[in-house]
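Residues or ranges marked as active site, proton donor in Swiss-Prot (evidence: sequence analysis): ASP136. The domain '4Fe-4S ferredoxin-type' annotation in Swiss-Prot covers 181-210. What Swiss-Prot records for CYS190, CYS193, CYS196, CYS249 is [4Fe-4S] cluster 1 binding site. What Swiss-Prot records for CYS200, CYS216, CYS242, CYS245 is [4Fe-4S] cluster 2 binding site, and it gives sequence analysis as the kind of evidence. Sequence annotations record features per position, and here Swiss-Prot assigns repeat 'HEAT-like PBS-type' to 303-328.
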Amino acid sequence: MPTLKEKIIQESQRLGIDKIGFTHAEPFIELEDSLHEQRERGYNSGFEHQNVEERIYPEKTFEHPKSIISIALAYPTKAQEKMPRDEKRGQFARASWGIDYHHILQDRLQKLIAFIEEQAATEAEKEHWRFRPQVDTGEYVDTAVAQRAGLGFIGKNGLLITEEFGSFVYLGEVTTNIQFEPDEPVPNGCGDCTRCITGCPTGALLGDGRMNAQKCLSYQTQTKGMMPEDYRKKMRNVIYGCDICQLVCPYNKGKDFHFHEEMEPKIEEVYPKLAPLLTISNKEFKQQFGHLAGSWRGKKPLQRNALIALANLGGREAIPQIILCLNDQRPVIRGTAAWSLGQLAKREPEQSLEALNYLLSVETEEEVIEEAQKAIHLLTSKKGSRSTE
């Protein structure tokens, strides 16, 4: 007769859960010092759950917890559609491909809970059992739960690395008052490898599985203000997220799984044309990108990033659309458009200089004025040296 745990494992496979593990619900004391240190040093992104105690102690958010069930879903790393070679395109990081993974994980977790409730021997037992599902918007540090539940180990890039799927997995968990036999944690397998640390273009990784999230390109692409100039070139054409620390990891070599249809990327969504993004309406944005995890911050960060990506790709054909962005109501878009023109218009700067000078004559926002002045300086200095380019 299989145990309840064995039944859950079997059902998880039927539900399309790629990996499952069980751990106790004791406090994550090992996280306490590092979580406080991250906050004190200003390394947090601000997207984390703000109550540190609730991140460490499961009993703070769940009465009498006994176990935590951790699940992982593997996501694809390569698009099956062929990439068109036409206009300049941006890119969403792989964790934003397909339907928003939060919805997919919640669906699997709720179905798993429903199955467990069906296994109750009596109505009294069923009423006594309690569950609390959550994904990365909840209190827990998902990677710490998954590591303790035996799904994988936390790499130097701060991500959970599984034997089967590398780090290309979404994580979720269920806290319950049912006692399960815990699985064995997975020991760290990075060894002396530092490829993610040396590969990170901003030096965000601290070397011990933690990061300065403020320096992470993924974080920078999700902010709503002006992106600091140091990060703009390093962003390349990735308008949401950053996969570098995953792509360089030896555990991820050759990993590409297509288990879940709802995770499959569509080229026009995850490799969008950049120029049309600059003038996309709210309705069009919601229709094209609203179901992606990468749309959660709205269109402004993505439009700002599209202006940066066009400059990085040498998208001079988009200069007319970029000039139109100088009239945008949002200072971030006006300022970033000015910077983009300064990078792109060096060969034929006259039209851009005219637009930038007009912007200066009417602009009141200091950060926009500063960007416009820098762009004008670049274009006027390059104007005299075009023959040498």
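Glycine too: its Cβ is placed from the backbone N, Cα and C atoms.
Only residues 6 or more beyond the boundaries of the domain '4Fe-4S ferredoxin-type' (181-210), in the same chain, are considered here, and those with a CB under 8 A from a CB of the stretch are 5, 21-24, 34, 38, 43, 67, 147-158, 161, 216-217, 220, 230-231, 234, 244-251. For the residue listed as 'active site, proton donor', other Cβ atoms within 10 Å of its Cβ number 20. For the repeat 'HEAT-like PBS-type' (303-328), the list of distant contacts is 87-88, 90, 221, 226-227, 232-233, 235-240, 274-275, 277-280, 334, 336-341, 343-345, 347, 351-352, 355-356, 358-359: same-chain residues at least six beyond its ends, Cβ to Cβ under 8 Å. Reported as a whole number, the C-alpha separation between CYS193 ([4Fe-4S] cluster 1 binding site) and CYS200 ([4Fe-4S] cluster 2 binding site) equals 14 Å. Mean predicted confidence for the repeat 'HEAT-like PBS-type' (303-328): the pLDDT average there is 98. Each residue in the repeat 'HEAT-like PBS-type' (303-328) gets a DSSP state, and the totals come to 22 helix, 0 strand, 4 coil.
Within 8 Å of the centroid of the Cβ atoms of CYS190, CYS193, CYS196, CYS249, where the record puts [4Fe-4S] cluster 1, the same chain has further Cβ atoms from GLY155, LYS156, ASN157, ILE161, THR194, ARG195, ILE197, VAL248, PRO250, TYR251. Sequence-distant neighbours of CYS196 ([4Fe-4S] cluster 1 binding site) (same chain, 6+ residues apart, CB-CB distance under 8 A): GLY155, LYS156, ASN157, LEU205, ILE244, CYS245, GLN246, VAL248, CYS249. For CYS190 ([4Fe-4S] cluster 1 binding site), applying a Cβ distance below 8 Å and a minimum sequence separation of six or more within one chain yields PHE153, GLY155, LYS156. Calculated from their C-alpha atoms, the gap between ASP136 (active site, proton donor) and CYS200 ([4Fe-4S] cluster 2 binding site) amounts to 23 Å.
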